[in-house]
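> Annotation source Swiss-Prot lists heme b b562 binding site at HIS83, HIS182, citing similarity to another entry. For HIS97, HIS196, the entry in Swiss-Prot reads heme b b566 binding site, with the evidence type similarity to another entry. Annotation comment: Swiss-Prot describes HIS201 as ubiquinone binding site. What Swiss-Prot lists as transmembrane segment is 33-53, 77-98, 113-133, 178-198, 226-246, 288-308, 320-340, 347-367.
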Amino acid sequence: MTNIRKTHPLMKIINHSFIDLPTPSNISTWWNFGSLLGLCLTIQILTGLFLAMHYTPDTVTAFSSVTHICRDVNYGWLIRYIHANSASMFFICLFLHVGRGLYYGSYIYFETWNIGIILLFVVMATAFMGYVLPWGQMSFWGATVITNLLSAIPYIGTTLVEWIWGGFSVDKATLTRFFAFHFILPFIITALVMIHLLFLHETGSNNPSGLVSDSDKIPFHPYYTIKDILGALLLILVLMILVLFSPDLLGDPDNYTPANPLSTPPHIKPEWYFLFAYAILRSIPNKLGGVLALVSSILILLIFPLLHLSKQRSMMFRPLSQLMFWVLVADLLTLTWIGGQPVEYPFITIGQLASILYFTIILLILPAVSLIENKLLKW
């Protein structure tokens, strides 16, 4: 008798996706982050669901309801901090996952890559709206500043901002709709993840060498299921150390002050995972220019397949490209640091130089270095 997992319509899909999936035998730990992102999404949906049971999306009671969750709800403090810090873990995994894709040339599977970038955008939007919900000072002012950027769009900008706000300022209507969107988007993300996997399984996984690995495939289970479980345990370990020992390490102390439209915090800044883009935004002294640079800093990922001029897919055997890749990583870390600093000398200059370097490496240096490597290898 044939195994049920190979005949049952539903089990067959699961079997082809997670059990009998032919997988390259040499994929490294850098390929673990896909499953870790799935774990983060699951944690976020579950903890978010329980938080939504006690949260009230109203300007008068939002802050108090979060306090109530932390003080009165059974293990509410734990659920809240797991939710807040899992968001950080989510973005750490996202950045490493995208970085892996850039390093090993995974963007050559452009359908999978493009869906991945759409996912990145939607996750960023979800995280931004979630940050507004506790209705602390940084929630309110972050929402005001970031949504106000849309007013830079010519002609329709101001109308668009007021339409998003549901009034003439960030208020009850804004909070209510942000809560609604924050609730629905993770399910849209889940659907996009399924499409992401669908396209990935059309081609099969890339591998560190960037070479075709059809001649050397192994089943996903048990080899990579065990490997993914190890990764998941390590992620949960790091997350729980963060949650139980320093839950506010990555948050902003200003968010423990209830939102006050009459008092502006000295330094308005988003969560740490948006700081690199925020630094690029601030480095341009023109509003529309800044917004375009901000959007371009993420959208530029879409043109990586077009900028790939090397004859080799992966950077594994390309030392010059490797060097430039790590310079790009260092540049992004510099931008993240600058994004959290006040707007004054020397931070303004460092931010501008780092922003220029970011776009120069991607648009000019990496393609040029690829051509040099082709020449050196006489290809």
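Note that Cβ sites are derived from N, Cα and C of the backbone, with glycine treated the same way.
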> Measuring CB to CB from HIS97 (heme b b566 binding site), give everything in the same chain under 8 Å that is also at least six residues away in sequence.
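Set apart from HIS97 (heme b b566 binding site) by at least 6 residues yet with Cβ under 8 Å, we have PHE33, GLY34, LEU37, GLY116.
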> Counting only residues 6+ away from its ends, which parts of the chain sit with a Cβ under 8 Å from the transmembrane segment (347-367)?
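Counting only partners 6 or more residues beyond its ends, the transmembrane segment (347-367) has Cβ contacts under 8 Å with 279-280, 282-284, 293, 296-297, 300, 304, 307-309, 321, 324-325, 327-328, 331-332, 334-335, 338-339, 341.
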> Using a threshold of three or more Cβ pairs below 8 Å, and leaving out pairs closer than 6 in sequence, do the transmembrane segment (226-246) and the transmembrane segment (77-98) count as in contact?
yes
> Would you call the transmembrane segment (178-198) and the transmembrane segment (113-133) in contact, using three or more Cβ pairs under 8 Å, pairs 6 or more apart in sequence?
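In contact, yes.
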> Grab the same-chain neighbours of the transmembrane segment (226-246) for me: Cβ-Cβ under 8 Å, and only residues 6 or more beyond its ends, written as numbers and ranges.
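Long-range Cβ neighbours of the transmembrane segment (226-246): 29, 32-33, 35-36, 39-40, 43, 78, 81-82, 85-86, 88-89, 93.
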> How big is the gap, in Å, between the Cα of HIS182 (heme b b562 binding site) and that of HIS201 (ubiquinone binding site), rounded to a whole number?
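Given the Cα positions, HIS182 (heme b b562 binding site) is 29 Å from HIS201 (ubiquinone binding site).
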> If you measure HIS83 (heme b b562 binding site) to HIS201 (ubiquinone binding site) at Cα, how many Å is it?
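Distance (Cα to Cα, whole Å): 30 Å.
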> Identify, among the binding-site residues HIS182, HIS201, the residue whose Cβ has the fewest other Cβ atoms within 10 Å in this structure.
HIS201
